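Taken from Swiss-Prot as is:
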DOMAIN    62-348  domain 'PPM-type phosphatase'
BINDING   Asp98, Asp293, Asp339  Mn(2+) 2 binding site
BINDING   Asp98, Gly99  Mn(2+) 1 binding site
Amino acid sequence: MVLLPAFLDGLARTVSTKKGKKLSEDEDGGREIAKSMIKDSKKNSTLLGTSGFVSSESSKRFTSICSNRGEKGINQDRAIVWEGFGCQEDITFCGMFDGHGPWGHVIAKRVKKSFPSSLLCQWQQTLASLSSSPECSSPFDLWKQACLKTFSIIDLDLKISPSIDSYCSGCTALTAVLQGDHLVIANAGDSRAVIATTSDDGNGLVPVQLSVDFKPNIPEEAERIKQSDGRLFCLDDEPGVYRVGMPNGGSLGLAVSRAFGDYCLKDFGLVSEPEVTYRKITDKDQFLILATDGMWDVMTNNEAVEIVRGVKERRKSAKRLVERAVTLWRRKRRSIAMDDISVLCLFFRPS
């Protein structure tokens with residue numbers, strides 16, 4: 001166990017509000033407080049939910065976002081970055097949500113809207129439970145517990161919502177919380193997080209993948225699906241793309257093994273539980289890339305890092321990745337309808 005009095009004292013500043021209310025006193029009240037924080041952040045230009053960029057004078061971080069609609073109809077990708085998350089100057093929250101199915105765009109939009117406030121509530125409740133003890137868990141344990149609870153709550157919220165049909169629709173989720181030099185990644189789906197770090201010889205950058213692309217044919221995922229009587233199969237026109245389906249579901253299936261929604265498959269191995277990982281950011285680490293599978297389907301980790309490295313204006317970094325991915329898609333997969341492509345680039349320090 002690690003003693004963290006200073007760390008917890010810093011987080012505790014988010015407990016009190018102008019009205020003197022505490023997040024831990026009432027979960028509904030906590031959500032209202034979080035929503036109020038979101039409104040204030042939008043006014044102060046520290047929260048971005050569309051293509052563009054946001055910078056933080058206090059943390060010296062810079063984030064760029066870009067999204068491109070594919071050839072399948074409505075853009076079902078949603079992204080968000082929130083500098084000063086929870087009124088903490090040194091915390092940045094990033095989220096990438098990729099919808100699928102008839103209601104995928106609606107679900108991704110709802111998750112993007114509700115996830116930050118829910119995470120704030122769970123973060124505060126976890127903090128309150130830990131701060132009552134003289135010995136507290138590490139920063140990673142704190143965020144991991146909050147993330148696991150949030151993913152569960154978001155999935156249940158979709159299930160009981162009378163206004164959204166998430167039986168055969170859903171969305172993946174990839175989130176990042178950066179507090180000081182603590183980076184926590186939570187992933188349920190096939191979007192990917194890649195960090196660019198200085199090579200050992202100091203002459204370049206190398207990519208380090210921080211998340212797993214949760215496809216149904218990954219051994220651990222496939223075993224869970226089989227144990228749940230789910231079916232693994234590929235469509236005739238996509239022989240290398242494995243899907244999870246119902247035992248007698250015909251061609252109905254999903255090409256990821258973890259996601260929000262899709263309740264027709266939740267009894268057959270699909271789960272919404274994320275994998276939560278940690279990295280201590282050092283001076284060698286330069287930037288983080290979060291992107292939906294539309295980009296990674298046609299671009300390697302190394303290619304992505306090199307493209308961002310070569311961009312002179314950081315605000316154009318995400319856009320440059322999207323443009324390159326579109327070009328590669330048309331060259332490599334011209335017989336397949338282009339997927340939505342969304343990218344977020346987070347730079348850790350000033351240029």
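Cβ atoms are placed via backbone N, Cα and C, with glycine included.
Excluding the listed site residues Asp98, Asp293, Asp339, the same chain places Asp77, Thr172, Asp190, Ser191, Thr292, Gly294, Met295, Asp297, Asp340, Ile341, Ser342 with Cβ atoms within 8 Å of the centre of the Mn(2+) 2 site Cβ atoms. Most Cβ neighbours within 10 Å among the binding-site residues Asp98, Asp293, Asp339: this distinction goes to Asp98. For the pair formed by Asp293 (Mn(2+) 2 binding site) and Gly99 (Mn(2+) 1 binding site), distance between Cα atoms is given as 11 Å, rounded to the nearest Å. It is 11 Å from the Cα atom of Gly99 (Mn(2+) 1 binding site) to that of Asp339 (Mn(2+) 2 binding site).
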